[in-house]
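The domain 'Formyl transferase N-terminal' annotation in TrEMBL covers 10-187. Taken from TrEMBL, the feature N(1)-(5-phospho-beta-D-ribosyl)glycinamide binding site covers 19, 20, 21. Marked as (6R)-10-formyltetrahydrofolate binding site by TrEMBL: 70, 95, 96, 97, 98, 112. The active site, proton donor annotation in TrEMBL covers 114. The site 'Raises pKa of active site His' feature in TrEMBL is assigned to 150.
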Ligand code: GAR
């Protein structure tokens, strides 16, 4: 008798701060709109508010300053994550750069949400930089993580307008509103087994994804120019 194939629905989440993206995941799981399990929430900030959003048994945190090196911290973090046997590891407001060995260890299972329309504005202060440059549009991206910072294949993006008079906080709040549905939409593809990264190729339903999917106003993902949602 052959075993029933299991869905890749075990999600580990990495956080450093407030955790509103984590909360969106938890709420969607509770509402039955994301068929997944949170297997652990991991932080480089033991005081992160995000950790309080899950029961203590699901929390792991440690201070990098208690480790001899960046590599040693990431190895301990990686061991803790691996122990929970996740199918996906999602950086949702994890603000520490991951070392190459960590990224290689989890390559193909490691996703990040970043507050810009990558490849524009990798790194920090994305909202202030977009305003300073006079951008008409800004947004968020969910991408696979590779060793180069914020440079992995972008799976999907959500766009928002930059409005006259916006400051960084106002723009960040507008972007955050689309981050949550964007992350959930990508995770639905991921836990359904529709998304994969093999080497440098990202696939959706087995077909190479050449351009990022776009979040529409109904919260669905579409290929650019396509009639219907994916
Ligand atoms: C989000 O805006 C996320 O895109 C950003 O941190 C915020 C976390 O908010 N991530 C990065 O800047 C990663 N480079 P949250 O803690 O409320 O989810």
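Each Cβ is built from the backbone N, Cα and C atoms, and glycine gets one as well.
Caution: TrEMBL annotation is automatic and unverified by curators.
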Entries of 70, 96, 97, 98 (binding-site residues) sitting next to ligand 1, with Cβ under 6 Å as the cut-off: none
Residue 70 ((6R)-10-formyltetrahydrofolate binding site) in three-state DSSP notation: helix
Binding residues 70, 95, 96, 97, 98, 112 ((6R)-10-formyltetrahydrofolate) - maximum C-alpha distance in whole Å: 19
Candidates 20, 70, 150, namely the recorded positions, that fall within 10 Å of the residue listed as 'active site, proton donor' by Cα distance: 150
Rounded inter-Cα distance in Å - residue 19 (N(1)-(5-phospho-beta-D-ribosyl)glycinamide binding site), residue 112 ((6R)-10-formyltetrahydrofolate binding site): 14
Chain-internal residues, separated by at least six, CB under 8 A from residue 70 ((6R)-10-formyltetrahydrofolate binding site): 64, 99
For the binding-site residues 21, 96, the one whose C-beta sees the most other C-beta atoms within 10 angstroms: 21
Rounded mean pLDDT for the residues that make up the domain 'Formyl transferase N-terminal' (10-187): 98
Around the Cβ of residue 112 ((6R)-10-formyltetrahydrofolate binding site), the count of other Cβ atoms that are within 10 Å: 23
Mapped DSSP class for residue 21 (N(1)-(5-phospho-beta-D-ribosyl)glycinamide binding site), helix or strand or coil: helix
Candidate nearest residue 98 ((6R)-10-formyltetrahydrofolate binding site) in space, where candidates are the recorded positions 20, 21, 150 and distance is Cα-Cα: 150
20, 21, 150 filtered to the recorded positions whose C-alpha is within 10 Å of residue 96 ((6R)-10-formyltetrahydrofolate binding site): none
